[in-house]
Each structure stands twice: as structure tokens, then as C-alpha cells.
2 protein chains.
Amino acid sequence: MPEVIPDDSVGLVTPQQFHSDVPLTLRSGRVLPEYDLVYETYGELNADRSNAVLICHALSGDHHAAGYHSMDEAKPGWWDNAIGPGKPFDSQRFFIVSLNNLGGCSGSTGPVSHNPETGKLYGPDFPIVAVRDWVASQAQLADHLGIQQWAAVVGGSLGGMQVIRWAIQHPERLRHAVVIASASKLSAQNIAFNEVARQAIAKDPDFHDGNYLEHNTIPKVGLTQARMLGHLTYLSDDAMRQKFGRELQEGKLNYSFAPEFQVESYLHYQGEKFSTRFDANTYMLMTKALDYFDPAGDYDHDLVKCLSHASCDFLVVSFTTDWRFAPERSEEIVSALIEADKNVSYACIDSDGGHDAFLLPITRYHQVLDAYMNRIANELEGRS
Amino acid sequence: MPEVIPDDSVGLVTPQQFHSDVPLTLRSGRVLPEYDLVYETYGELNADRSNAVLICHALSGDHHAAGYHSMDEAKPGWWDNAIGPGKPFDSQRFFIVSLNNLGGCSGSTGPVSHNPETGKLYGPDFPIVAVRDWVASQAQLADHLGIQQWAAVVGGSLGGMQVIRWAIQHPERLRHAVVIASASKLSAQNIAFNEVARQAIAKDPDFHDGNYLEHNTIPKVGLTQARMLGHLTYLSDDAMRQKFGRELQEGKLNYSFAPEFQVESYLHYQGEKFSTRFDANTYMLMTKALDYFDPAGDYDHDLVKCLSHASCDFLVVSFTTDWRFAPERSEEIVSALIEADKNVSYACIDSDGGHDAFLLPITRYHQVLDAYMNRIANELEGRS
């Protein structure tokens with residue numbers, strides 16, 4: 001918790017709520033009759049409403065991307081290193097919007113919300129949402145905020161998938177797309193990792209087919225395991241070697257099945273911490289959205305044809321040691337954009353941070369974001 | 001099941017039992033007062049007992065490496081493609097020995113055996129065994145068979161670790177070491193994968209702290225999950241892409257949490273099949289042996305110093321897409337052997353088979369094994 005708010009922080013922020021009464025027909029065919037989205041904003045919308053930037057979150061993210069909710073908060077928002085005065089997403093120049101997605105567990109309508117039609121918790125009955133459903137709801141939020149066109153839509157990992165969907169679904173509503181550590185579709189290997197994680201949750205006896213809250217419990221064990229696996233695969237082999245190597249927790253082997261190596265204790269800690277803050281049904285939903293995403297599927301599985309519907313410019317960023325969303329996946333997007341005659345900048349950032357690198361304040365990475373966003377801000381300020 | 005035994009098969013084989021009354025002090029300090037090893041042999045021991053080859057199995061292997069136990073057996077032993085007349089480990093030239101390791105669940109003393117001191121099943125009380133303990137017991141078996149020196153000790157993955165241990169522990173007892181898809185120690189990432197798998201088993205309510213057989217059950221769910229994860233990581237991203245891609249089980253999305261993609265169904269099938277044939281306590285033990293292996297640890301963490309104790313020649317083999325036992329890990333061994341002034345041949349085999357490639361009949365791989373073993377056989381036959 002900060003003694004004083006740092007100068008480069010967006011400062012104290014208060015989440016806001018958007019309620020939509022417009023029924024939303026989801027990709028699955030199911031209809032959400034109404035829904036809430038919780039969001040935060042940083043900076044000021046300019047007079048011609050042209051400086052708005054949308055931040056899309058990844059699997060375990062939420063609307064709290066920057067700043068502090070109170071002076072007692074232990075840590076700032078999840079992307080505080082990139083959002084604030086003088087940072088790549090500069091709140092002195094941009095009006096930045098960050099929301100919790102539908103199906104989330106941080107305030108937007110999701111499994112832990114009440115179903116208005118039954119008065120009961122949605123729980124496992126909350127419909128499986130697709131990336132396009134999130135984008136549709138985000139477009140409603142943009143309407144509500146009076147934003148006709150985003151200066152940029154930005155996201156990493158699952159967030160990057162939302163950016164791609166924005167670009168092809170609402171080409172007139174964004175000028176720039178920033179797609180970080182993402183992919184145009186998951187590989188079989190990635191789907192398999194997600195399924196192993198879902199199984200860990202679904203097979204926890206405390207899961208109760210998703211009705212755990214009715215049973216006054218949570219599937220802590222399963223969610224811990226799912227997160228241990230996820231966390232492990234978001235790191236690189238090299239980073240784990242440097243951080244933990246084969247160091248032992250107590251300096252010697254115990255010849256027991258309790259965690260002995262430091263890497264084991266670390267993963268247990270990360271998994272258990274996550275299991276008490278995150279909703280298991282939300283985790284299940286979010287991984288399904290990842291698995292399902294495949295926008296080229298609607299265009300004869302031709303990514304060039306798919307991306308030809310975009311009219312914005314693109315920045316694509318990948319990280320050398322990210323093996324779950326490998327540079328090759330970003331490069332497929334870049335190649336397709338070039339073939340579709342779009343403007344695209346691409347940077348593959350040297351990092352040992354694995355997939356999690358997209359959340360880290362890596363100098364070269366932030367320089368790339370900074371340069372790109374600076375150009376956008378200069379354009380805006382030149383014309384306004 | 002074969003209609004007729006193929007010409008290049010070792011044919012029908014009968015497992016044999018070796019009983020040791022010599023107490024074995026394990027690395028952990030615990031003592032096994034007596035134990036059984038189940039093993040098979042293929043081919044004939046020559047007059048001067050110089051043509052014996054030991055096959056060491058990996059995590060889920062057993063003594064049944066080649067041939068058939070009966071005409072009704074659906075599939076031959078696990079390495080039948082490499083062992084038999086005219087195959088790399090040619091049973092017309094070598095006397096091949098394959099055993100089930102201590103702690104296994106296929107006939108050798110392990111968690112599903114009775115503890116002679118209590119008369120009850122060992123279960124979770126079976127001591128955690130280390131690679132060196134296996135080698136010590138294998139040396140007892142060699143004595144029993146009258147084999148003073150192996151022509152070669154051979155193994156892949158965890159099997160390769162046993163080969164390394166043989167080379168430094170009993171340098172006078174082998175002339176050649178064949179180390180395939182292995183490592184001189186596990187990385188933090190590999191330990192982490194093992195721990196997630198162990199957690200899946202340990203947290204299954206049917207595990208009962210390892211006493212599941214007393215409860216007339218098995219931790220099927222946990223062992224299935226552990227195997228799904230293991231299996232997935234033993235394949236390469238490329239192979240999964242080619243084999244499954246994003247193909248759907250029923251041709252369309254169901255918007256449910258049941259397996260939808262073919263890769264999910266495949267992993268479920270593999271996991272469930274394994275969960276009924278393999279013992280969970282054995283799985284736990286075997287992964288611990290993997291984690292613990294670090295022979296250089298006894299030599300100031302200097303692999304060169306460690307391997308300088310070997311006096312045999314080495315063949316080291318790795319596979320391009322094996323990311324759990326990457327070529328770099330084999331190359332560390334090769335470099336240390338060169339620095340220690342040992343004779344070493346090395347081949348990195350181009351394959352999309354991931355770690356599992358070491359079990360596949362890849363032409364170039366088998367050519368390398370064949371050439372190496374042929375040289376050994378020629379030496380033998382020249383001098384006998």
C-alpha cells in the first residue's frame with residue numbers, strides 16, 4: 001500500500017457500473033436479458049471524443065488495470081506499470097477504459113451474479129460466452145460513454161483476441177489495434193492444457209457441478225491445481241531455471257511427497273492465493289472463450305480474408321520465450337495482415353518472462369508501446 | 001493379438017522372478033529387507049557372458065519390453081520395435097535383459113506388494129526409491145544372472161538416468177552406455193509438471209493418503225488427470241497440430257464443458273486407460289525419482305567431474321521437438337563427456353514426436369541405434 005500515491009500513478013480510482021437493458025444474444029444462441037459491466041476510466045475524454053483507449057483483459061484479469069482503490073490497497077491495478085502519466089498508455093493524453101468482461105467475477109454479470117429471471121445465482125447456468133460476445137457488450141459500453149471510435153483497442157493474450165475481434169467486427173470503431181502475446185486461434189496443445197485445468201476444477205468434489213456456492217463451499221483444491229498448471233506454463237523454462245533452479249525448500253531432500261523444491265512451494269502458494277480470489281465457474285468460462293476463438297473460421301479458415309475486414313492499423317507484439325502464445329502465432333497474424341494490405345508494426349521482444357512477459361515492465365517492450373501510442377497521441381493533438 | 005508371431009519378434013516370452021534376501025539400504029536411509037524383481041530375457045547369453053544388454057524402463061514402463069506373453073496378447077512389449085531378430089537390439093546377437101524396477105507395479109516389489117515385516121500391503125509406506133537404488137538392485141540381478149559386465153546399458157528418459165548412474169557407480173560393469181532423450185537432472189519446469197501431476201493424484205478423495213486399496217478403490221480421477229498432463233507434455237506442439245488441429249468431436253461446438261475438441265477426447269481416453277492399469281503410488285514414486293536425480297550433486301555440481309568416473313563409451317540421442325527432455329539437456333551431457341575425455345557419439349534426431357519419439361520406430365533413430373549396437377556386436381563376435 002502506498003504511503004503517498006506515486007507521481008506516475010493514475011491515483012485513486014473508483015469503479016463505475018454500466019447497466020444494459022438491451023438483451024444480448026450470445027454466440028451460443030442464448031440471450032442475456034440484461035447485464036452489468038463494471039469498469040474504470042483513467043484520464044479525460046477530449047472534446048471530440050477521439051482519445052479513448054480500450055484495455056481488454058486476459059483470463060484472470062479484471063477492470064482494475066491501474067491506480068489504487070484506496071490508500072490501503074496493497075498493490076495497484078494489474079497493468080499499472082503501463083498505464084498512467086508518462087507511461088505508454090498515458091492518462092494525461094488518453095481517456096483509458098478498462099472493464100471486467102461478462103462472465104467475470106469482479107463485478108460484471110457472471111456466474112456469481114443473480115439471474116434476473118430466477119432470482120438465484122447464475123452459477124454454472126451462466127451461458128458460455130465467446131470473444132465476440134465480449135466485444136458486443138464492450139460496444140454497448142462505448143455507446144454509453146459516447147465513444148464512437150476508439151483511438152486504440154489494446155489487449156494481451158485473451159485480451160489480444162478481443163482486439164482482433166473488434167478490428168473485424170467493428171472496423172469503423174477503432175483506429176488502432178494493439179495485439180500482444182496473442183494468437184488467431186489456440187493450438188491443440190493449448191486447448192489440451194485448458195482442458196486439463198478444467199478437469200482439475202470439474203472433478204473437485206467441492207465443485208458440485210458448478211453449484212458450489214449453494215453448498216457453501218468453493219472448489220479450492222481444483223482451482224489451485226488449475227492455476228498451478230496455468231502459472232507454470234506462463235513462465236519460461238529459462239526463467240524458472242534462473243528463479244528456482246533445483247533449490248530445496250529446507251536445504252535437503254526429505255524423501256516425502258510434501259513440496260521439497262522451491263519451485264513446488266512457489267506454485268502451491270500461487271495456486272492457493274488464486275483459488276480464494278477467483279471464481280471457478282468464471283475460470284471455466286474464460287478458458288472456453290480461449291478455446292473457441294477462431295475468427296478465420298467464419299471466412300473459409302482464411303485468416304487473410306478474415307483480417308481484410310479490418311480498417312485500422314495494427315501493432316503486434318510477441319515475446320521470445322512465450323511458448324503458449326509463441327512468436328510464430330503472432331507472426332501468422334502479421335503475415336496475414338501484410339497480405340491483406342493492412343498497416344502493421346511488429347516487435348518480438350527478447351525476454352525470459354514467458355507468456356507473463358506481457359505484464360512486465362520490460363524496457364524494450366514499453367519503448368515499443370510508448371512509440372506507437374505516442375504517434376497516436378501526436379496525431380490526435382495535431383488534429384484537435 | 002498376432003495370428004502368427006512375426007519373424008522379427010522375440011516370440012513368446014515368460015517373465016521370470018529374482019528374489020534377493022540381501023537387504024538393500026536405500027538412498028533415503030531406509031532398508032528393504034528383501035525384494036523381488038520380475039524380468040524378461042531375449043536371446044542367449046554367450047559363452048563368455050559378454051553379450052548382455054540391460055534395458056532400463058522409463059516412468060510408466062515395465063519388464064515386458066518385447067515379444068508376447070501369449071497368443072492372446074493384444075500388443076507386444078513396449079519397445080518391441082527396437083528389440084528382436086534383425087532389430088537394433090538384436091536378440092540373435094545379444095542377451096537382452098529387461099526388468100520392472102523396484103517400486104513398480106508389474107511384479108517387482110513395490111507399493112502393491114506385501115511388506116514382509118507387517119504382512120500388509122506396502123501402499124504409501126513403500127520407501128521413495130532413487131535412481132541409484134534401482135541400479136543397486138539391477139546389479140544384484142546381474143550377479144544372479146552371472147553377468148559381470150554388460151555389453152551395454154540402455155534407456156530412454158528416466159531409463160537414461162539409470163544408464164548414467166550405472167556408468168559412474170559401476171564403471172567396470174558396462175562397456176557402453178546408451179542414453180536416450182534424457183538429462184543429467186530435471187529442470188525446475190519439469191519438477192513443476194511432476195508436482196502438478198502428483199497433486200492431482202494426492203488430492204483425489206479416493207487416494208486416501210495412498211491407502212486406497214485398503215478402501216477398495218483407486219484414485220482413478222487423479223491418475224487420469226496426471227496422465228493427461230504427462231501425455232500432453234510428451235507430445236510436441238507440432239505433432240498435436242497435425243494429429244488433431246482444432247477438429248471437433250461432433251463437427252460443431254456444443255457450448256458445454258464436455259470434451260468438444262478431438263484433442264480433449266483423445267487425452268481423456270489415454271488418461272482413463274492408464275488409470276486402470278497403473279498404480280498411483282508407483283506413479284508418485286517414479287516422478288520423485290525423476291525429480292531427485294542429480295548425480296553431479298555428489299561432485300560439487302560439476303558434471304564433468306561426475307562423468308569422469310565413467311569408463312564406458314557413450315551413445316547419446318535426443319529428438320528435435322522433445323521439450324521436456326530437450327536436445328540442450330543431452331548436449332550438456334555430451335559436452336561434459338567430451339571434457340571428461342570420454343568416447344561419445346551423439347545424434348539429435350529430427351522428429352515431430354516430442355518426448356515420446358524415443359519409443360517410435362523412426363528410421364534415422366533406429367539406424368543410429370543399429371549402427372552403434374552393430375559395432376558392439378562385431379567387437380564381441382570378433383573376440384569370442
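Placement of Cβ uses the backbone N, Cα and C atoms for every residue, glycine included.
Mean pLDDT across the domain 'AB hydrolase-1' (B:51-359) comes to 97 in this model. Summarising the annotation, TrEMBL assigns domain 'AB hydrolase-1' to B:51-359.
Take the CB of B:Ser157 (active site, nucleophile) and look out to 10 A: across all protein chains shown you find 27 other CB atoms. Here TrEMBL flags B:Ser157 as active site, nucleophile.
Positions annotated as substrate binding site by TrEMBL: B:Arg227, B:Asp356. In sequence order, B:Gln270, B:Gly271, B:Phe274, B:Ser275, B:Phe278 make up the list of same-chain residues 6 or more apart from B:Arg227 (substrate binding site) whose Cβ falls under 8 Å from its Cβ.
Residues near B:Asp322 (active site) in space but far in sequence (CB under 8 A, at least 6 apart, same chain), listed by position: B:Ala181, B:Ser236, B:Gly353, B:Gly354, B:His355, B:Ala357, B:Phe358. According to TrEMBL, the active site annotation covers B:Asp322 (among others).
Feature annotation from TrEMBL assigns site 'Important for acyl-CoA specificity' to B:Arg324. Cβ neighbours within 10 Å of B:Arg324 (site 'Important for acyl-CoA specificity'), excluding its own Cβ and spanning all shown chains: 22.
For B:His355 (active site), the Cβ neighbour count at a 10 Å cut-off comes to 22, with all displayed protein chains included. Here TrEMBL flags B:His355 (among others) as active site.
Residue pair B:Arg324 (site 'Important for acyl-CoA specificity') / B:Ser157 (active site, nucleophile) shows a Cα separation of 10 Å.
Other Cβ atoms within 10 Å of the Cβ of B:Asp356 (substrate binding site) number 21 in total over all chains. According to DSSP, B:Ser157 (active site, nucleophile) is assigned to coil rather than to any helix or strand. A coil conformation is recorded for B:Arg324 (site 'Important for acyl-CoA specificity') in the three-state DSSP classification, outside any helix or strand. Comparing B:Ser157 (active site, nucleophile) with B:Asp356 (substrate binding site), their Cα atoms are 9 Å apart once rounded.
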